[in-house]
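Here is the structure we will look at, set down as structure tokens.
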Amino acid sequence: MWMETKAEVEEARRSRASSRRRVLNSLLLCTGDMEHLDKYMQDKWFVLQLAVWGLRGVTRVILANNPLSGALILAALYWASPWQGLLGTVGVLASTLTAVIMGQDSAEVTGGLHGFNGMLVSLLMGVFSSAGDWYWWLLLPVLLGSATCVFLFSGLSSLLDRWDLPAAVFPFNIIIILYLLSTGPNNPYFPHHSATPPGALEPNGTEIVVLQVIRGIPLGVGQIFACGALGPSLLILGAVLLYSPLLAVHAVLGSAVGTLAGLSMAVRHGSLYSGLSGFNGALGCMNVGGLFFTFSWRTHLLAIASAFLSAYVDIALSNLMGTVGLPACSWAATLTATLMLLLTGSLAAYRIPTGQVMAPERNLRSCSQWEAGNTTDRESTDVYYQPQPVYAPGPPGLNPPWVASSTQPPLVPLLPTLLEPPLLKEDFYIQDKVTSKLNLLRASAKSL
């Protein structure tokens, strides 16, 4: 009886542990890049595939690549403003469809790389429009601007690939500035608000509400999508957390650093309270802190420095461009991240090739495996391999004519084999991706 009870308890414990593992594995499938979803969607309807590509494009705005995170971000935008949510949806779909029609690289289209610039253009057009919500004529420049981003992205990618640099949001920054310059604040069809420099003087400029400043830190993450409401901003931060906890930590850290930089420069309180002082710092910190660089204490400090530099450059550019009523958008974070990717020296060893960037945790694991593999290769090749003597046919003159040459040929030592070069980081990332996809296929085959 006692043995049966013990066996039942052990069986129940194993069952609970198995259930917990299944739940955890299911949750882990929703994090990271969700590469298995692309395999599942290959033979589905084009409309469903387009929806997944669009959702990936939504998350690319905040340097993520997860369709579930994209759905959460899109829900946050509709929560903050249905009109802004509609403009963002139109923008990301217009640019993605344009890329499909133009025959752009399929990996870029499915990864959402042609969608996020169009979405940002449409969101900023809606924010700066002074015609109010539900001004349907605004859809015309939204469609044209989003489609034009594809041409700029394709051209800039060909240029920047020589230095292994991403086109990033250069197309968005260029298109939105050209649009605002072309229309002007008093345009009869597409009027817009003029941007206010963050250094503009205001009455009672020395009184600061600390709680409002703290509230502006999560708002800095939401301002990446031009969202100034606290609830939707927290939902956007949760979407980043779903993709990568490490990236979410750097988003909050960068926004806090940007807010601190704004305080040190005595910017307008409205910029501090609304999160406008923090979003460039958040982007600068996220770019370096685990995304384009493998996470370590060195790159973590570099990410903080990048956040400070992005925030100060944003203040300078905003004051400069604000004199003519133009916003600085995300020029500061884009230029700073590009400079960081061009770094040389010891920090360059942490750089991840642009085409192999994944979730920060995945980058960290892949880099650790690559370093371990190269260390093993170095240890195993410290001593040259000495081949054993092998029988090989010698010169014909050494063998008597009555003895066949294959009977007892002389010993001829073979040349030592050349050492194989260590596996390059780029090749390792490609090999790691292929291995992970094969493991997913094996797992799905076993489940069937």
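Every residue, even glycine, has its Cβ placed from backbone N, Cα and C.
Where the annotation comes from TrEMBL, it is an automatic prediction and has not been curated.
Feature annotations, reproduced from TrEMBL:
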| type | residues | note |
| --- | --- | --- |
| TRANSMEM | 134-153 | transmembrane segment |
| TRANSMEM | 165-182 | transmembrane segment |
| TRANSMEM | 221-242 | transmembrane segment |
| TRANSMEM | 247-267 | transmembrane segment |
| TRANSMEM | 273-294 | transmembrane segment |
| TRANSMEM | 301-324 | transmembrane segment |
| TRANSMEM | 330-350 | transmembrane segment |
Which range out of 165-182, 221-242, 247-267, 273-294, 301-324 gives the transmembrane segment (330-350) the most CB pairs under 8 Å?
273-294
In contact by Cβ distance (the transmembrane segment (165-182), the transmembrane segment (273-294); 3 or more pairs under 8 Å):
no
Short question: which residues 6 or more past the ends of the transmembrane segment (165-182) have a Cβ under 8 Å from it?
116-117, 120-121, 124-125, 128, 141, 145, 148-149, 152-153, 156-157, 192, 325-327, 329-331, 334, 337-338, 341-342, 354
